[in-house]
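Listed in TrEMBL:
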TRANSMEM  14-39  transmembrane segment
DOMAIN    21-167  domain 'ABC-2 type transporter transmembrane'
TRANSMEM  696-716  transmembrane segment
TRANSMEM  737-758  transmembrane segment
TRANSMEM  770-790  transmembrane segment
TRANSMEM  797-816  transmembrane segment
TRANSMEM  849-872  transmembrane segment
């Protein structure tokens, strides 16, 4: 029985020893296993699978094929920074979704092309697309992003080398171009010398232009006055054309009456010709009778003389005389009867009517409106011709102005002006001239149309006039002869009529009664012979006058007949020409209407013409002002030309120096590398950490030690310690403290040693690292033990929560500055804060660990003292403790 009890006791000791060993190894297991899983993840990035999809299409750049995508793939195949897998888009996406790949790098189609757009106005960036799946593994995504930055930098360096080579090739070409530019600058310098001379010439010419512009303005004013006179003349012609049109309309209306009158005139002329033929026959008979009377009158005169010579013969001849007188009286009565007397009076009246008709016709024909029309139209044509000539001269002058303006555009001084000033000058000149030219062209068109219509009218009148003039000539000849012939015929007929009356009176009243008286008595013979002698004298004179008149009338009758025949022929010609005259008058009326319409249009354009010349006058003032400004500018231009000449010399020298400098610049391989990567980051580390495990060791060792201490206190309950310490608390605590101290030191030493042995922890300062580990372990053990004494298992639970707060507020992984304000506030009150800093100083930084160890020792000592006090107090008290109450409730 004793042996069995002894065996159980021995077994219990072994189990307890194993438990202690297990508790001691908890920090070691925790740290070595956990840190071992992530000891050097960045050293194994080459095993991180990444999909690469190359969609790039090569392109031509400066005569060479550029395939940046293929070059990148080639470099990635040689790069072991990641596990690159070159697949298509579909495979890459499937792998990213199921976790086979942690990132997809896509080289787009325009990757190479965008690299060639550097020197374009809108260069395109080369986009290297990558896609990650943080939901699968966030850290892997971040590691992939770091890798893509390196790849991007590598691509940038490669492309920059290409750019550098292209730039230096361009610089070589630019060097040649600068050399050419230097030659050009030399030519510019020479040209500027010519420019200076030319600017001086321009200045003098612009002064001349300014003076000429003043003359031009005066000329425009004169021209405007002339245009106003011309417009006044147009208004007068317009008014005259209306009057002319009214007269032509009246003439056209009366043309039918003229045709009827000419027809009647033709009929009367034919009747006149027939009557004159009968008249000529009567005159011939009258001439024969007058001849007989004349021959007999001489015999009668001889008889009278014989009668006077002797009365004796009178008696003898009285009977013969009486018989002869009776025969003569009978003959005279036959010739001078009432019918012949009436015919003679009718003939005289007809001669007056004939002469009046001839003169009326002659006056009508001579004063015919055809000549007046021709004269009027000719005068009007001259006026229109003068108008057209003025318009043509104005158009010619405007065309000359347009030519001068065109020449001005090509002048060097004009080209030197800014574009806005050029347009202002040209618009100020061209627009008014164009408007005026259009108005003058319209006037010229209307004038030409009116002139053509007028010419047609004049031609019509001329055709009629040529026919009328023939009649006028014939009628003029007839009229001139008619006056003479009519006067002579009237004189002759009147003389004949008077002589016949005298003879008849003498025969009836004197001779015949005297002859009868002779028979009645010889006594009255002497008186009778005197009376007879007187009567015979009168008779002889009358017969002589009749004879002369009859001869004259007979000699002129041929001219009258010939004239009447010409009159008949002329009236016939006139009558046949009347339709042509009527048609011509109609054409004249139509042409006159067209003329009036044209002049209406011409008159309507007067305002536009006045406005145009006013605009030109205004523009001429602008020209004068502009010429003044140009002259002032030419002075500044001359000054600027001097400065340009000096500057061009400097430019030429600088271009030559620049050309030589660029040509002497060469691009070596090292220079290309410098262009590709001009900045190299030189890292200077204050402390060295080999890998992620060494970096995380400080943090995880604190966690391991805390968990180890907590496990020890849970496994070995503090209740027995309270019971065992009742008899002698100080002796108990001394023994317990030694045990706790030993466990704390052993677990700390084993933990650090295991990390060095199995994981490769390589502290820079080994002693300091062990010292911090031991101090932290002691401090953590004191804290855990105190909480378990006070609260039992509840204290262990609180310690777990406290550990979580320490993990968050100790800045074990990320800088505390990146944490929330709450964790910043508790940072300085967490034991882990000082333990982590102490481990980091021992592992890497080499800074003093005294501040951290001091804080940890103070915490440990305070907690130990409190633990002693708690044990003493609880052993003296008979009350139920809080842990007991909690356990009882459970």
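Backbone N, Cα and C atoms are what each Cβ position is placed from, and that goes for glycine too.
Given the structure is predicted, the values throughout are model-derived calculations rather than measurements.
A Cβ distance under 8 Å defines the sequence-distant neighbours of the transmembrane segment (797-816), meaning residues of its chain 6+ beyond its ends; these are 696, 698-699, 702-703, 706-707, 710, 783-784, 787, 791, 823-824, 826-827, 829-833, 835-836. Sequence-distant contacts of the transmembrane segment (770-790) (same chain, at least 6 residues past either end, Cβ-Cβ under 8 Å): 27, 701-702, 705-706, 708-710, 712-714, 717-718, 721-722, 740-741, 743-745, 747-749, 751-752, 796, 798-799, 831, 835, 838-839, 841-842, 849, 852-853, 856-857, 859-864, 866-867, 870-871, 874, 882-883. Outside the transmembrane segment (696-716) by six or more residues, the chain places 19-20, 23-24, 26-28, 30-31, 34-35, 38, 743-744, 747-748, 751-752, 755, 761, 773, 776-777, 780-781, 783-785, 788, 793, 796, 799-800, 803, 806-807, 810, 812-813, 832, 835-836, 839-840, 843 with a CB less than 8 A from a CB of the stretch.
Beyond the ends of the transmembrane segment (14-39), by six or more residues, the same chain brings 691-693, 696-697, 700-701, 703-705, 707-708, 711-712, 715, 743, 746-748, 750-751, 754-755, 758-760, 777 to within a C-beta distance below 8 angstroms of the stretch. Under DSSP, residues within the domain 'ABC-2 type transporter transmembrane' (21-167) fall into helix, strand and coil as 80 helix, 25 strand, 42 coil.
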